[in-house]
Amino acid sequence: MDFTPPPIEDGFTAEKLFTQGFSYTYDDVIFLPHYIDFAADAVDLSTRLTRRLPLAVPLVASPMDTVSESAMAAAMASLGGIAVVHSNVSAAAQAAFLRAAKSRRVPILSDPVFAAPSNVIEHEDDFAGSPFLLVTDTGAAGGKLLGYVAKREWSNHTDKGLRVGDYMAPPPWRAPWNADLTKIYDIMEGDKSGAVALERDGEVVDLVVREEVDRVKGYPKLAAPATVGPDGEFMVGAAIGTREDDKERLKHLVKAGVNVVVLDSSQGNSIYQLEMVKYVKSVYPELDVIGGNVVTMYQAENLIQAGVDGLRVGMGSGSICTTQEVCAVGRGQATAVYKVSSIAYKSGVPVIADGGISNSGHIVKALSLGASTVMMGSFLAGSHEAPGAYVYQNGQRVKKYRGMGSLEAMTKGSDARYLGDTAKLKIAQGVVGAVKDKGSVLNFIPYTLQAVRQGFQDIGASSLQSAHDLLRSRVLRLEVRTGAAQVEGGVHGLVSYEKKYY
């Protein structure tokens, strides 16, 4: 009788788990731990957003009008990731977001307002949300800088009828547009000044004040190199649609220096998107194009054949998205990421897992299931860098966060994303809500990345490529979690607790 023990078979391979006819979300599945022979700090999170665009970290800010504008773009690039600027504005405004983010090398952006010395500021709305106002001889960008007015100083003046030139501060010291935080800080320390003007080609592009420098210096030190192009500028992506006028929008974006373009559609497997992919690749062959959104292998194959350089995966998995509920179409995000990745990697096309990211564990799962990056909306919404003003709601400091399929966003133009711009009746596929103040992405993203590294260490993957290799070689195993297992895997059995990870 043969008493040789059978080979150890524990858990399921991804191939087996995702062919059982179930649509799994990230919370439905769990990875089994593997073997550790390296430190968490040794985990390499570098990746590719597209065929030709490398990133130091696998994080992408979603093209939503309550997430990604110029401030988020500069912050994400400084962290080693990238932001995709939304298209729910005019082409000129979207191009201005790009230029603003690319005109500096520090994650501090104030969107300065200009005035002439003869102007009178009677209301704080004249500052348009900026902490200061730049005074030039022409009252516009490009003029000779004469001084500046801080909103805080202006508010202390009792006579609001004074001309700006009567109380403005003298012109600050200047630094080149690509000066880093250390150089700016050294100038402030050496000259005991409270502000430094960033200048490019003889034009002042922004003013950096000491309070902002001190704020950023207090955050964790950035371990990953910034996402910078050959020209030394931050790399920034932009979203466009698939209509004829989007070709004109793209022309503006290319002129502004866009580094990658995302064809923004909730269902990317359409004749409109296939034709737009071919148009972009023929007119701008050096510009990488990301197609989507897709959730099936069939959808992905069509876009790959059309020539996309990256695929955006997800349909109805975002916290503010109601597509699956309204249209009965979509797929659980864990299943979608695995299925699309399993065919995309054969063509060398990186996958972006878009939606469903609520914590660092979801990022680990998305990347380990084959994605090269994760795209985040709600995870970044409510941060200091997200568009919009903070308000108080039920005693909490919050910012608005809305789905691009919400009726509110559709009135701004996002209905084209859902192929509903020509429809007589508008049907919402998203909601409007609010998320609490998260602070700065420069503060919480480094902690998130460290948690991701520890997750990779537990599954025995020292890099993204290693995780993908372990998955495809059937070494990495998974299981489905019951409802009770999901409860047990979270905080439970306590009367109260403080949810704090850093």
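A Cβ is built for glycine as well, from the same backbone N, Cα and C atoms used for every other residue.
Automatic, uncurated: that is what TrEMBL annotation is.
TrEMBL lists C321 with the feature active site, thioimidate intermediate. Residue environment of C321 (active site, thioimidate intermediate) contains 24 other Cβ atoms, counted within 10 Å of its Cβ in all protein chains.
Residues annotated as active site, proton acceptor in TrEMBL: R417.
Annotation source TrEMBL lists NAD(+) binding site at D264, S265, S266, G314, M315, G316.
Taken from TrEMBL, the feature K(+) binding site covers G316, G318, C321.
Other Cβ atoms within 10 Å of the Cβ of G377 (IMP binding site) number 27 in total over all chains. According to TrEMBL, the IMP binding site annotation covers S319, D354, G355, G356, G377, S378, Y401, R402, G403, M404, G405, Q429.
The feature domain 'IMP dehydrogenase/GMP reductase' is assigned by TrEMBL to 24-492. Each residue in the domain 'IMP dehydrogenase/GMP reductase' (24-492) has a pLDDT score, and their mean in this model is 88.
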Lowest local Cβ density (other Cβ within 10 Å) among binding-site residues: G314, G316: G316
Nearest recorded site to M315 (NAD(+) binding site) by CA-CA distance, among recorded positions C321, G377, Y401: C321
Subset of binding-site residues (G355, G377, Y401) lying within 10 A of G314 (NAD(+) binding site), CA to CA, in sequence order: G355
Surrounding CB atoms that lie within 10 Å of the CB of Y401 (IMP binding site), all protein chains: 23
Other C-beta atoms that fall within 10 angstroms of the C-beta of S265 (NAD(+) binding site): 23
Nearest of the binding-site residues (D264, S265, S266, G377) to G318 (K(+) binding site), judged by Cα-Cα distance: G377
Distance, C321 (active site, thioimidate intermediate) to Y401 (IMP binding site) (CA atoms, angstrom): 11
Rounded inter-Cα distance in Å - C321 (active site, thioimidate intermediate), G377 (IMP binding site): 11
